[in-house]
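Asks: Provided herewith is a single structure, encoded as structure tokens, for subsequent inquiry.
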Amino acid sequence: MTLDDLKSNSMKDQPDEKSNGDKAEGPRSLSTLRWRPAALILGLLCLGLLVTVILLIIQLSQVSDLLKQQKVKLTHQEDILEGQALAQRQAEKSSQESQRELTEMIETLAHKLDEKSKKLMELQQQNLNLQKALEKAANFSGPCPQDWLWHEENCYKFSSGPFSWEKSRENCLSLDAQLLKINSTDDLEFIQQTIAHSSFPFWMGLSLRKPNNSWLWEDGTPLMPHLFRLQGAASQMYPSGTCAYIHRGIVFAENCILNAFSICQKRANLLRAQ
């Protein structure tokens, strides 16, 4: 056996390292090939989850923005509603005040109307009374004749003239009267007021009589000293007589022959006045 044969045999007896190496690497290659699809799927799933998370974050951001906008709108609406409520409360308060003022005004007007109604009724009653008085006056001829003045129980007429005392007395008699007689201070005041604006003297029914030289009225009654005091020739007896006249409220004694106006007097017809 030669050396070449020994080398050839020894080379045949050595294991094939390449073959063994290939055999060792074979299982690992198969394992790697098996995990690659799973890793790919897992990566895809992670990518999908990442995309989903990103989308969710975007949607949440959008929802958050939308919620913020809605909150702003709601806040604005609340402000508007609060303003409207405040305006409504103010309007109600103003309406209540206006209603109260209107009620007070109505009550005041009603009170005034009631007073006016009472006043109107009083005026109507006064008008009715006046109409009755006018009707009564229309049927009333009066206690004194026409052109005579009525005072208490007597009628007075300021006659034309002037005439002497005697002529004046006759004129009064023709009128169914007598010359003026003063019975009281009230009568004197009435005559004084009536002739206050006259500058003429007026004969009275008072004269100085004999035998006692007393001042007597035409009906024979004496002069009452407290009524008035005679001025002038109160104690002088003239041939034609001494008579009294009134001038500007003062009574004078003078000659009966002198001319003056006169005041006639007679009783008033009080029964006819009733």
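The backbone N, Cα and C atoms fix where each Cβ goes, glycine too.
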Asks: Say a student had to find the N-linked glycosylation site annotation in Swiss-Prot: which of Asn139, Asn212 would be the correct pick?
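Replies: The N-linked glycosylation site feature in Swiss-Prot corresponds to Asn139.
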Asks: Could you pull the average pLDDT for the topological domain 'Cytoplasmic' (1-37)?
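Replies: The predicted confidence over the topological domain 'Cytoplasmic' (1-37), as a mean pLDDT, is 55.
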Asks: Going by DSSP, is Cys46 (S-palmitoyl cysteine) sitting in a helix, a strand, or coil?
Replies: helix
Asks: Of Cys144, Cys155, Cys243, Cys256, which is closest to Cys264 (disulfide bond) if I measure between C-alpha atoms? They're all disulfide-bonded residues.
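Replies: With Cα distances computed to Cys264 (disulfide bond), the winner among Cys144, Cys155, Cys243, Cys256 is Cys155.
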Asks: Of Cys46, Cys144, which of the recorded positions has the most Cβ neighbours inside 10 Å?
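Replies: Comparing the recorded positions Cys46, Cys144, the most crowded Cβ belongs to Cys144.
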Asks: According to DSSP, does Cys155 (disulfide bond) fall in a helix, a strand, or coil?
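Replies: It is in a strand.
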Asks: When you rank Cys155, Cys243, Cys256 by Cα distance to Cys46 (S-palmitoyl cysteine), which of the disulfide-bonded residues ends up on top as the closest?
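Replies: Nearest candidate: Cys155.
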